[in-house]
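One structure below.
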(Lines of atoms letter the chains of each structure in order from A and count residues from 1; the text may use other names and numbers.)
(Lines give C-alpha, C1' and ligand atoms only; values in the text may rest on other atoms or scores of the structure.)
Protein backbone atom coordinates (compact mmCIF):
# COMPACT_ATOMS: atom_id res chain seq x y z
CA UNK A 1 0.00 0.00 0.00
CA UNK A 2 1.30 3.47 -0.85
CA UNK A 3 1.91 6.47 1.35
CA UNK A 4 -0.61 9.29 1.31
CA UNK A 5 -0.49 13.06 1.57
CA UNK A 6 -3.18 14.83 3.53
CA UNK A 7 -3.74 18.42 2.39
CA UNK A 8 -5.78 20.91 4.42
CA UNK A 9 -6.11 24.69 4.51
CA UNK A 10 -6.14 26.57 7.79
CA UNK A 11 -6.01 30.14 9.01
CA UNK A 12 -2.63 31.52 10.05
CA UNK A 13 -3.34 31.32 13.78
CA UNK A 14 -3.94 27.56 13.65
CA UNK A 15 -1.40 26.33 11.10
CA UNK A 16 1.62 25.84 13.35
CA UNK A 17 -0.29 24.23 16.24
CA UNK A 18 -2.13 21.96 13.83
CA UNK A 19 1.16 20.88 12.22
CA UNK A 20 2.63 20.05 15.62
CA UNK A 21 -0.46 18.04 16.53
CA UNK A 22 -0.24 16.02 13.31
CA UNK A 23 3.38 15.15 14.03
CA UNK A 24 2.56 14.12 17.59
CA UNK A 25 -0.21 11.86 16.25
CA UNK A 26 2.16 10.04 13.91
CA UNK A 27 2.45 11.99 10.65
CA UNK A 28 5.80 11.20 9.01
CA UNK A 29 6.38 14.81 7.97
CA UNK A 30 4.45 18.07 7.79
CA UNK A 31 5.06 21.17 5.70
CA UNK A 32 3.22 24.50 5.59
CA UNK A 33 2.88 26.50 2.38
CA UNK A 34 1.23 29.72 1.31
CA UNK A 35 -2.14 28.70 -0.13
CA UNK A 36 -1.98 31.88 -2.23
CA UNK A 37 1.47 31.15 -3.67
CA UNK A 38 1.95 32.28 -7.28
CA UNK A 39 -1.08 34.58 -7.07
CA UNK A 40 -1.32 38.35 -6.44
CA UNK A 41 -2.18 37.53 -2.80
CA UNK A 42 1.11 35.71 -2.17
CA UNK A 43 2.71 36.79 1.13
CA UNK A 44 6.50 36.51 1.50
CA UNK A 45 7.62 35.70 5.04
CA UNK A 46 11.13 36.23 6.32
CA UNK A 47 12.97 37.17 9.48
CA UNK A 48 15.70 39.71 9.98
CA UNK A 49 19.27 38.40 10.21
CA UNK A 50 19.69 36.36 13.38
CA UNK A 51 16.07 36.78 14.49
CA UNK A 52 13.04 34.51 14.36
CA UNK A 53 10.29 35.81 12.06
CA UNK A 54 7.30 37.30 13.88
CA UNK A 55 4.98 35.12 11.76
CA UNK A 56 5.53 31.48 10.86
CA UNK A 57 2.47 30.91 8.67
CA UNK A 58 0.40 32.68 6.03
CA UNK A 59 -3.06 34.22 6.13
CA UNK A 60 -4.26 31.15 4.24
CA UNK A 61 -1.91 28.30 5.01
CA UNK A 62 -1.83 24.94 3.28
CA UNK A 63 -0.75 22.14 5.63
CA UNK A 64 0.58 19.01 3.90
CA UNK A 65 1.16 15.87 5.98
CA UNK A 66 2.76 12.65 4.77
CA UNK A 67 0.99 9.64 6.27
CA UNK A 68 2.06 6.02 6.57
CA UNK A 69 -0.28 3.46 4.93
CA UNK A 70 -1.82 2.44 8.26
CA UNK A 71 -3.02 5.97 9.11
CA UNK A 72 -6.58 6.95 8.25
CA UNK A 73 -6.53 10.62 7.10
CA UNK A 74 -9.97 11.60 8.42
CA UNK A 75 -9.31 10.07 11.84
CA UNK A 76 -5.91 11.76 12.14
CA UNK A 77 -7.32 15.11 11.02
CA UNK A 78 -10.17 14.98 13.54
CA UNK A 79 -7.78 14.04 16.33
CA UNK A 80 -5.46 16.93 15.46
CA UNK A 81 -8.38 19.37 15.41
CA UNK A 82 -9.52 18.15 18.84
CA UNK A 83 -5.95 18.41 20.14
CA UNK A 84 -5.78 22.16 19.47
CA UNK A 85 -9.41 22.95 20.29
CA UNK A 86 -10.85 23.52 16.82
CA UNK A 87 -14.65 23.14 16.76
CA UNK A 88 -14.42 20.99 13.61
CA UNK A 89 -11.80 19.41 11.42
CA UNK A 90 -10.91 21.44 8.32
CA UNK A 91 -11.84 20.15 4.88
CA UNK A 92 -9.09 18.16 3.24
CA UNK A 93 -7.98 16.24 0.18
CA UNK A 94 -5.78 13.16 -0.06
CA UNK A 95 -3.39 12.12 -2.79
CA UNK A 96 -1.49 8.89 -3.19
CA UNK A 97 2.32 8.89 -3.02
CA UNK A 98 3.66 5.80 -4.72
CA UNK A 99 6.64 4.16 -3.04
CA UNK A 100 9.73 4.09 -5.26
CA UNK A 101 13.48 4.49 -5.38
CA UNK A 102 13.55 7.97 -3.87
CA UNK A 103 17.29 8.48 -4.29
CA UNK A 104 17.10 7.70 -8.00
CA UNK A 105 13.98 9.83 -8.40
CA UNK A 106 15.58 12.80 -6.65
CA UNK A 107 18.70 12.54 -8.76
CA UNK A 108 16.67 12.35 -11.95
CA UNK A 109 15.10 15.72 -11.13
CA UNK A 110 18.43 17.56 -11.07
CA UNK A 111 20.19 17.80 -14.41
CA UNK A 112 23.20 19.98 -15.21
CA UNK A 113 22.22 23.65 -15.46
CA UNK A 114 23.80 26.01 -17.98
CA UNK A 115 24.05 29.62 -16.83
CA UNK A 116 25.38 32.61 -18.71
CA UNK A 117 27.95 32.06 -21.44
CA UNK A 118 30.13 29.33 -19.98
CA UNK A 119 28.91 28.25 -16.53
CA UNK A 120 27.62 24.74 -15.81
CA UNK A 121 26.29 23.64 -12.40
CA UNK A 122 26.63 19.87 -12.35
CA UNK A 123 25.37 17.39 -9.70
CA UNK A 124 27.97 14.82 -8.64
CA UNK A 125 26.15 11.97 -10.41
CA UNK A 126 26.45 13.72 -13.81
CA UNK A 127 29.43 14.36 -16.06
CA UNK A 128 30.17 17.93 -17.10
CA UNK A 129 28.67 18.57 -20.56
CA UNK A 130 31.58 20.87 -21.42
CA UNK A 131 34.85 20.22 -19.56
CA UNK A 132 36.25 23.53 -20.87
CA UNK A 133 33.47 25.52 -19.21
CA UNK A 134 33.36 27.01 -15.71
CA UNK A 135 32.09 23.85 -14.00
CA UNK A 136 30.67 23.94 -10.47
CA UNK A 137 29.95 20.54 -8.93
CA UNK A 138 27.09 21.03 -6.51
CA UNK A 139 24.41 18.71 -5.16
CA UNK A 140 21.00 19.91 -3.93
CA UNK A 141 21.16 20.22 -0.16
CA UNK A 142 20.09 22.10 2.93
CA UNK A 143 21.79 25.38 2.07
CA UNK A 144 20.10 27.56 -0.51
CA UNK A 145 21.69 27.91 -3.92
CA UNK A 146 22.16 25.42 -6.74
CA UNK A 147 21.70 27.83 -9.63
CA UNK A 148 18.10 26.86 -10.36
CA UNK A 149 16.49 29.86 -8.63
CA UNK A 150 16.26 33.08 -10.68
CA UNK A 151 18.10 35.15 -8.06
CA UNK A 152 21.06 32.76 -7.93
CA UNK A 153 21.16 32.63 -11.73
CA UNK A 154 21.11 36.44 -11.97
CA UNK A 155 24.01 36.80 -9.54
CA UNK A 156 26.02 34.14 -11.35
CA UNK A 157 25.52 35.83 -14.71
CA UNK A 158 26.56 39.14 -13.15
CA UNK A 159 29.71 37.64 -11.61
CA UNK A 160 30.67 36.00 -14.90
CA UNK A 161 30.58 39.40 -16.58
CA UNK A 162 32.02 41.46 -13.73
CA UNK A 163 34.84 39.61 -11.94
CA UNK A 164 38.38 40.40 -13.05
CA UNK A 165 41.44 38.33 -12.08
CA UNK A 166 42.82 39.02 -8.59
CA UNK A 167 39.86 41.14 -7.51
CA UNK A 168 38.70 40.66 -3.92
CA UNK A 169 35.12 39.41 -3.48
CA UNK A 170 32.74 39.21 -0.51
CA UNK A 171 29.66 36.98 -0.82
CA UNK A 172 27.37 38.05 2.04
CA UNK A 173 24.65 35.48 2.73
CA UNK A 174 26.65 32.81 0.94
CA UNK A 175 24.30 29.85 1.49
CA UNK A 176 25.73 26.90 -0.41
CA UNK A 177 28.78 28.95 -1.42
CA UNK A 178 27.89 28.80 -5.10
CA UNK A 179 28.54 32.49 -5.78
CA UNK A 180 31.80 32.55 -3.83
CA UNK A 181 33.00 29.41 -5.62
CA UNK A 182 32.12 30.89 -9.00
CA UNK A 183 33.94 34.12 -8.15
CA UNK A 184 37.04 32.09 -7.31
CA UNK A 185 36.79 30.13 -10.55
CA UNK A 186 36.51 33.45 -12.41
CA UNK A 187 39.90 34.42 -10.98
CA UNK A 188 38.96 36.45 -7.89
CA UNK A 189 41.37 36.44 -4.95
CA UNK A 190 40.79 36.53 -2.04
CA UNK A 191 37.16 35.43 -1.78
CA UNK A 192 35.14 35.46 1.45
CA UNK A 193 31.72 33.94 2.14
CA UNK A 194 29.64 35.00 5.15
CA UNK A 195 26.35 33.52 6.41
CA UNK A 196 24.32 33.70 9.64
CA UNK A 197 23.60 29.96 9.48
CA UNK A 198 26.45 27.73 10.76
CA UNK A 199 25.03 24.82 8.76
CA UNK A 200 25.26 26.89 5.57
CA UNK A 201 28.87 27.78 6.38
CA UNK A 202 29.76 24.11 6.78
CA UNK A 203 27.93 23.22 3.57
CA UNK A 204 29.76 25.99 1.72
CA UNK A 205 33.13 24.79 3.01
CA UNK A 206 32.35 21.27 1.82
CA UNK A 207 31.29 22.53 -1.60
CA UNK A 208 34.43 24.63 -1.94
CA UNK A 209 36.63 21.65 -1.11
CA UNK A 210 34.81 19.53 -3.68
CA UNK A 211 35.35 22.25 -6.30
CA UNK A 212 38.96 22.87 -5.27
CA UNK A 213 38.14 26.54 -4.74
CA UNK A 214 39.91 28.35 -1.91
CA UNK A 215 37.27 30.46 -0.17
CA UNK A 216 37.34 31.73 3.42
CA UNK A 217 33.98 31.23 5.15
CA UNK A 218 32.61 32.46 8.46
CA UNK A 219 29.75 33.88 10.49
CA UNK A 220 28.94 37.62 10.44
CA UNK A 221 31.20 38.38 13.41
CA UNK A 222 34.07 36.85 11.41
CA UNK A 223 33.54 39.13 8.42
CA UNK A 224 36.77 40.95 7.46
CA UNK A 225 36.97 44.63 8.32
CA UNK A 226 38.48 45.72 5.01
CA UNK A 227 36.93 46.77 1.71
CA UNK A 228 36.42 44.63 -1.40
CA UNK A 229 36.47 45.17 -5.13
CA UNK A 230 33.16 43.31 -5.38
CA UNK A 231 30.38 42.61 -2.88
CA UNK A 232 27.47 40.34 -3.79
CA UNK A 233 24.44 39.67 -1.56
CA UNK A 234 21.60 37.39 -2.61
CA UNK A 235 19.29 37.60 0.40
CA UNK A 236 15.86 39.30 0.60
CA UNK A 237 14.78 42.89 0.14
CA UNK A 238 14.11 43.80 3.77
CA UNK A 239 17.40 42.45 5.18
CA UNK A 240 19.20 44.10 2.27
CA UNK A 241 17.67 47.45 3.21
CA UNK A 242 18.58 47.01 6.88
CA UNK A 243 22.17 46.09 6.01
CA UNK A 244 22.68 48.79 3.37
CA UNK A 245 25.15 50.86 5.38
CA UNK A 246 27.20 47.83 6.39
CA UNK A 247 27.26 46.24 2.94
CA UNK A 248 28.19 49.43 1.12
CA UNK A 249 30.97 50.07 3.65
CA UNK A 250 32.52 46.79 2.45
CA UNK A 251 32.80 48.09 -1.13
CA UNK A 252 35.93 49.96 -2.14
CA UNK A 253 35.35 53.40 -3.66
CA UNK A 254 34.94 52.61 -7.34
CA UNK A 255 34.11 48.99 -6.49
CA UNK A 256 30.95 47.15 -7.49
CA UNK A 257 28.01 45.67 -5.62
CA UNK A 258 25.30 43.26 -6.80
CA UNK A 259 22.09 42.67 -4.85
CA UNK A 260 19.41 40.07 -5.48
CA UNK A 261 16.61 38.25 -3.71
CA UNK A 262 14.55 41.26 -4.78
CA UNK A 263 11.19 41.10 -6.54
CA UNK A 264 10.77 43.48 -9.46
CA UNK A 265 8.17 45.48 -7.53
CA UNK A 266 10.67 45.98 -4.67
CA UNK A 267 13.55 47.20 -6.84
CA UNK A 268 12.93 50.95 -6.61
CA UNK A 269 12.60 50.87 -2.83
CA UNK A 270 15.84 48.93 -2.34
CA UNK A 271 17.70 51.06 -4.89
CA UNK A 272 16.59 54.23 -3.12
CA UNK A 273 18.13 53.04 0.16
CA UNK A 274 21.47 52.21 -1.50
CA UNK A 275 21.55 55.35 -3.66
CA UNK A 276 22.99 57.28 -0.70
CA UNK A 277 26.33 55.56 -1.35
CA UNK A 278 25.98 53.70 -4.65
CA UNK A 279 25.04 54.65 -8.20
CA UNK A 280 22.70 51.70 -8.54
CA UNK A 281 20.08 50.43 -10.98
CA UNK A 282 18.42 47.23 -12.19
CA UNK A 283 21.03 45.19 -14.04
CA UNK A 284 18.72 42.42 -15.23
CA UNK A 285 15.29 40.91 -14.52
CA UNK A 286 14.33 37.23 -14.69
CA UNK A 287 10.98 35.63 -13.85
CA UNK A 288 9.86 38.55 -11.71
CA UNK A 289 13.15 38.85 -9.79
CA UNK A 290 15.86 41.45 -10.31
CA UNK A 291 19.55 41.92 -9.73
CA UNK A 292 20.56 45.45 -8.77
CA UNK A 293 24.08 46.53 -9.58
CA UNK A 294 26.06 49.65 -8.93
CA UNK A 295 29.39 51.31 -8.25
CA UNK A 296 30.38 52.96 -4.99
CA UNK A 297 31.06 56.63 -5.48
CA UNK A 298 34.62 57.82 -4.96
CA UNK A 299 35.32 59.58 -1.68
CA UNK A 300 35.90 63.31 -1.88
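Glycine too: its Cβ is placed from the backbone N, Cα and C atoms.
These figures come from a predicted structure and were not determined experimentally.
The S-adenosyl-L-methionine binding site annotation in Swiss-Prot covers 152, 173, 195, 234. According to its DSSP assignment, residue 152 (S-adenosyl-L-methionine binding site) is helical.
Counting other CB atoms no more than 10 Å from each candidate's CB, the binding-site residues 152, 234 peak at 234. Under the DSSP three-state reduction, residue 234 (S-adenosyl-L-methionine binding site) is assigned to strand.
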